[in-house]
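First comes the structure, then the notes that go with it.
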Amino acid sequence: MRAMIVKEFRELRRDHRTMAMLFALPIVLLVVFGYAANFTIDSISTQVVGPHADQVATLLPPLFDVQGTDPGATADDARGLVRDDVADVVLDTSTSPPTAYVDGSSLFVAQTASAALGRAGDQVLTEVLFNPDLTTSWVMVPALVGLILTFVGTIITSIGLVRERQTGTLEQLAVMPLRPADVIVGKIAPYFLLASFDMLVVTLLGVWIFGVPFNGNPALFALAAATFLFVVLGVGVLISTASQTQGQAIQVALMTLMPQILLSGFIFPLQAMPAAISWIGYCLPLTWFVKVSQGIMLRGAGLDSLWPALVVLAAMAVLVFSAAVLRFRRDLAPARRTTARTAEPVSA
Amino acid sequence: MTSEARAGTKDEPRRRDFGAYGVSVRFDDVRALEDVTLPVPAGAVTAVVGGDGAGKSTLLRALAGVVPVEHGSVVAPDRRRIGFMPTGGGTWAELTVDEHVDFVGAAHRLRGSDLERRRERLLDATGLREARRRLASQLSGGMRQKLAFGLATLHDPVLLVLDEPSTGVDPVSRVDLWRLVAQAASAGAAVAFSTTYLDEAERAGTVLVLDQGRTLLSGPPDDVVRGAPGHVRRATATHDPARTWRRGREVRAWFPVGAEPVGQAVPVDLEDAVVAAALAREATA
């Protein structure tokens, strides 16, 4: 038995990925959960509009972080500010009592805001927009679409690519008269199509089973999903270039998946996280896709308000996918770059 | 890569055949091949032999273009005219025999009646007609290797590179594979293959013996045997165990050049020659 234990420790010591999962991951999880696992909202971004905007803004409790006032704005403008994600709460002082429009697509923020506004009794009329019953599934389904795309794009793609390496067929492909672009596109396109199909099914089932509204532009949603898919497929390809076995690929893919689940605002609200942790979240592609998918499906937001998130996703797609293709191309045709190869035998 | 390296001046035959000339390959800090030359003439079979880690696969992969060469040059045709069979065959477990032919045929832009003619030829030559709708994962090891060979030759390559095609294959399938290899060479292809079986290597036109990434012996099998360094004798109990090896029921002993050999002289074959050369290198190291 002692020999078995010694052998196991020796193997573990040399398996850096497993060691990372054993030691680094628990510490990361502890820190992340300790700071990020927080449903308590301390600050709600707020705009106050209408003729008494400046006066009412000074009366709001500190929970409502008033970021701007506009005495000239109308009720429609107020709704527009919520739809465009300018603020989570917009207080319209043109009505009596004032009306607070709350963004129901930010579930925890909306719950906190509704509770605080409820304590004011008849002094404020509260209207929760886009998710009036604060139904959890309405917020989760658009985010789940992103999670499923991440799963297919990262884990399934990396496994599929590493399988070629593990069985020796990648070398076979390298010698065949296929251009690296043919191999790369040929390998990735099926996963792109399958992930797109998955996205369509999940979105339709979400709408059909859970009654999640789809208020926005489907074409914009498809564009965002395709851009996001390029990012996660790129991550999958990158993982495959750094893995020799399918087990290694799954390990690394899980390590990229877990922070996205925890820090994208999908489960824990970004507003409740300390700045340092939420910034990690803003570096993750799922965070931006969740913003876009919730914006389009629930709020009916358009390109004019979602473009910053789409630009971030596009930049990530170009960066990650280019790096992935370059690395994969290097693996596929190392000798074509460096070896002196003469085409034909020659006679003296 | 310098033009001198590209010229490949070392051990170069008069007619420059396909092959690797003065090739060195390095993986990080490990020197996998050092100044190795392997001419692969058309219409002949060239064998690369050596123990585990000798550099056989690296040399053939360099020849096929999947491993970058640090020094030296590789003379090889365009990829459209190379047939490559990597270690383990390189078949796709979840594709049937027919689907393999479809894919490899499409990669080589073979279609229509031309592809069908080649498919029939492959099925007949490899004996896989009855198994054409079976997945590669459902084929025996020998059938899978024959499929891989058939795929490597589907497009009639002028250079055929086979990395241990017969390893792990039963003796009957080994004979079948060798028949296919010989047919490819007689049809004009330049064939290079690696093997750990020296009886197979003896049938090749030329043999290159590698040891720790360097050339131990090279030439036609008979020349290699004749050129074995030192003397080989039937061993007795008094021989140095470090310089003896078992051949069937017998034990052979090696004596370096200049030493007085003891024991009965025996006919030396390729296996004895390879062991003798390895011991000679150890003695001079």
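Using the three backbone atoms N, Cα and C, a Cβ is placed for every residue, glycine included.
Remember, it's a predicted structure, so these values are computed and weren't measured experimentally.
Marked as domain 'ABC transmembrane type-2' by TrEMBL: A:106-331.
Residues or ranges marked as transmembrane segment in TrEMBL: A:20-41 (among others).
The transmembrane segment feature in TrEMBL is assigned to A:138-162 (among others). For the transmembrane segment (A:138-162), same-chain residues at least 6 beyond its ends with a Cβ under 8 Å from one of its own Cβ atoms are 104-107, 131, 187-188, 191, 194-195, 198-199, 202-203, 206-207, 210-213, 225, 228-229, 231-233, 235-237, 239-241, 243-246, 248-250, 252-254, 256-257, 260-261, 264-266, 285-286, 289-290, 293-294, 296-298, 328.
The feature transmembrane segment is assigned by TrEMBL to A:188-214 (among others). Outside the transmembrane segment (A:188-214), and at least 6 residues removed from its termini, the chain residues within Cβ reach (under 8 Å) are 130, 135, 137-138, 141-142, 144-145, 148-149, 152-153, 156-157, 160, 221, 225-226, 229, 232-233, 236-237, 296-298.
Sequence-distant neighbours of the transmembrane segment (A:220-240) (same chain, 6+ residues past either end, Cβ-Cβ under 8 Å): 145-146, 149-150, 152-158, 160-162, 165, 184, 188, 191-192, 195-196, 199, 203, 214, 249, 252-253, 256, 285-286, 288-289, 292-293, 296-297, 302-303, 306, 309-310, 313-314, 316-317, 320-325, 327-328. What TrEMBL lists as transmembrane segment is A:220-240 (among others).
Among the features that TrEMBL reports, transmembrane segment is placed at A:261-282 (among others).
Taken from TrEMBL, the feature transmembrane segment covers A:306-328 (among others).
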